[in-house]
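Engineer: This is the structure I want to talk about, given as structure tokens.
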Amino acid sequence: MRTLNAISQPPSESDTYTECTDGYQWDPRTQHCKDINECESIPDACKGEMKCFNHYGGYLCLPRSASVIPAPDPPAPSLPGPANPEPFNQCPMGYEPQGDSCVDIDECARDEDDCQPSQECINTQGSFNCQCPDGYRKVGTECIDIDECRYRYCQHRCVNVPGSFSCQCEPGFQLAGNNRSCIDVDECGMGAPCQHRCYNTYGTFLCRCDQGYELAGDGYACNDIDECSYSSFLCQYQCVNEPGKFSCVCPEGYQLLGTRLCQDVNECETGAHQCTDGQNCINIHGGYKCVETNPCIEPYVQVSDNRCMCPVTKPACRELPYFIVHRYMSITSERSVPSDIFQIHATSVYPGANNSFRIRSGDENGDFYIRQINNISAMLVLARAVTGPKEYVLDLEMVSVNHVMSYQSSSALRLSIYVGPHAF
């Protein structure tokens, strides 16, 4: 508050003079002291954004939003003397006398303000202000909510509420300590529902499955992959699906070679056979055969291992091969044809003899034929694909003819062929 001290000496008809208090001047018409309007008489009485308010005996500089309630005009101060004996309150508006000084009136405490119920009354020197709560701004005499979301306080989403706002984050994020920024949530460390493995990513997470499994439609569970259903070539014999993997198995008489191939078990070498002392063990695909140590049948007699002779002294031997040699072999099923499977070679050759080879017996269905290579050897050929288990006993005969000496003889190789049950 700024107060001007003014002394006015109006003309008088006597030698005496009158004196008005500060803020007043003498009015000869009314013979009283008149208030001075400093807001009009003093250029730029209030600086900046302050507004000048005149009151009796002085003036006030208040914010432009402030309002002053006019009070009834007090009686003008009169000259001292017996004509005006009443004391005059020299305190400006918003103040009251206390002893010889003026003290501020707390309009808020006296409930003499005009603030709205939602506003807070703030006492000031000589006046008061009506203040809106946080989150509101004053428009006229009303408090209007401030939409803080317009100022982009939040990193992701802003939700305006009366008098305030709140920030929200997208899924996969959480509010930082400043309640405005959003930071990634490590779902893997918070118990993400991945059945096998979890990988945290920015704003989300990914589930991955162990080898042999595939991710289910829900993105969390892992289902076993049935590898056996994808290909029939994973195993040579049979594929067995297992949780997260598969394995190959082999039929009886075979053992697994590596991870997928099957190899015949040689029971004759491992001792896993039941042949007697008078028998020989012959290994075949998928098993074994026990054959007699002496395979010779009357009228043949054994002359060495697997070799039988028919003596010429016996009448029954006249139409039979002189020698029969016993041999054994095993082949797989479904061999591609034609296929060379056994070579015949003469062990005794007579000078001047012509040799020929033929299948004497055992090939009633025509599954084999002989291809002669030269005068002393020939090849047994599989003519048609065969499927086991099956057994052939072929007598392969070599006939020797000497036309000069008018001599003819024959010998045979009795070949037992065992066709295994599988193509391996």
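Even glycines carry a Cβ here, placed using N, Cα and C.
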Engineer: Have a look at TrEMBL and say which candidate in Cys182, Cys194, Cys198 forms the disulphide with Cys188.
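Structural biologist: Among Cys182, Cys194, Cys198, the record in TrEMBL lists Cys198 as the disulfide partner of Cys188.
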Engineer: Within 10 Å of its Cβ, which one of these disulfide-bonded residues (Cys188, Cys198) has the largest number of other Cβ atoms?
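Structural biologist: When each Cβ's neighbours within 10 Å are tallied, Cys198 tops the list.
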Engineer: Please average pLDDT over the domain 'EGF-like' (224-263) for the predicted structure.
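Structural biologist: Average per-residue pLDDT within the domain 'EGF-like' (224-263): 96.
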